[in-house]
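Q: Below is a structure I'd like to ask you about.
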């Protein structure tokens, strides 16, 4: 093939043909690849050229090879990232369950101190997301980087059991957020390096179901620990909770070293043909090659490119001026979704305001999350299948509005629990489609996409753990009561 000519720092908003060249846009370095046949076939000016062995395949053969490749990657990648995110979220939010296991009493925490210990995690979480994603893009080996981060955060989570004062709790929670920040934005970028836009919604739902399943099982695990291990070997129930869940995280992290793939070009257990097909699928889907090698990836240049592009601030890459209104609506919508989701930071406390015992309250936290997994899968699958995004985001949010109205206007147990059953599935099924929409439309090059995804997720996390968390906790404690067993009348 003719060697491409590189013209640095030219940005175009649409693909245009120029004579006998194929122009690839939406990158800082535009490649003009000479097309020998374009003089005779002007309609082929914008055609991508696959590797010769892929071009020789029939459509049926190509489809069969892609299915085998996707199946191979799915079985190695998706169960691992789901379990890792399950433990990531459990280690992040187990403080909410520990509250019902008398964490506040044993550490002499006030309500404000407890809420601060929840929110301070997001300080470290915000600080580390962008540098972590840029490093992951430069390093190019997520199969090593993500499990290493997991081992560290598991160790920190287990160390929470040794806290004896509010100061120690603050320090541990800050460090936990600092290390956990590597995972979710890194995984969003990780998945976008393997799957095409039409495949990403369902895979994002599978990833995010880890957090939903953690909400379901966290209450069950805590109920078992509180009823069976409180006082065992001199440890309180909340201490056993941190020890067991942190240890499980470390064990799974070591297993993931042997399971996870790296990027398509750096995965050792793929054949050369499979690597070539994986790379070509992404290039064909977007029109530009993706991650090539660590030596070709910038570090802070990626952040500069993301922050100087106004499209980052409206969440999506805009290819034509008429579509500029939609991303601004999407940004406001995503912020609203994240704000609505802050209730999960204190969900066991919210459920306990129904007036049941600690064990029953912990058990009642599970059904809303189980339903959320089912609804999220169905919504994401249908969004991918139809290619429609707006209604798959807006309709669940309308259901969430109804759920919050019910929760705010009634004191009866049944409708209040119904509202809890509705608010978790509706909020998170909407969020998964919205975040995969962002991933689908992030621009090349990879360093810029990694930085933009981290920045967008950090903005959402700021609302989720900062002012959104304070507002949610204020509503829980000020309107619903503090959730104590003997305070059901105040809760009502």
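Cβ from N, Cα, C; glycine included.
In case it helps, TrEMBL gives these features for our protein:
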| type | residues | note |
| --- | --- | --- |
| DOMAIN | 77-492 | domain 'Major facilitator superfamily (MFS) profile' |
| TRANSMEM | 73-90 | transmembrane segment |
| TRANSMEM | 112-131 | transmembrane segment |
| TRANSMEM | 143-162 | transmembrane segment |
| TRANSMEM | 174-193 | transmembrane segment |
| TRANSMEM | 205-226 | transmembrane segment |
| TRANSMEM | 238-260 | transmembrane segment |
| TRANSMEM | 325-347 | transmembrane segment |
| TRANSMEM | 359-378 | transmembrane segment |
| TRANSMEM | 390-411 | transmembrane segment |
| TRANSMEM | 417-439 | transmembrane segment |
Q: If we skip the immediate neighbours and take only residues 6+ beyond the ends of the transmembrane segment (359-378), which ones have a Cβ under 8 Å from one of its Cβ atoms?
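A: The answer is 97, 100, 202, 205-206, 208-209, 212-220, 222-223, 226-227, 347-348, 351-352, 396, 417, 420-421, 423-426, 428-429, 432, 483.
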Q: Could you name the stretch, out of 112-131, 143-162, 205-226, 417-439, with the greatest number of CB pairs under 8 A to the transmembrane segment (238-260)?
A: 143-162
Q: Please determine whether the transmembrane segment (143-162) and the transmembrane segment (73-90) are in contact (criterion: at least three Cβ-Cβ distances under 8 Å, sequence separation 6 or more).
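A: Counting Cβ pairs under 8 Å, at least 3, so yes.
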Q: Quick one: find which recorded stretch in 73-90, 112-131, 174-193, 205-226, 390-411 has the most Cβ pairs under 8 Å with the transmembrane segment (417-439).
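A: Most contacts with the transmembrane segment (417-439): 390-411.
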Q: At a Cβ cut-off of 8 Å, and with pairs 6 or more apart in sequence only, do we get at least 3 pairs between the transmembrane segment (73-90) and the transmembrane segment (174-193), yes or no?
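A: Counting Cβ pairs under 8 Å (6 or more apart in sequence), the transmembrane segment (73-90) reaches the transmembrane segment (174-193), since there are 3 or more.
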Q: State the non-local partners of the transmembrane segment (205-226) in its own chain: residues 6+ outside its ends, Cβ under 8 Å from one of its Cβ atoms.
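A: Non-local partners: 78, 81-90, 93-94, 96-98, 100-101, 187-188, 191, 237, 240-241, 244-245, 344, 347-348, 358-359, 361-370, 372-373, 376-377, 379-381, 424, 428, 431-432, 435-436.
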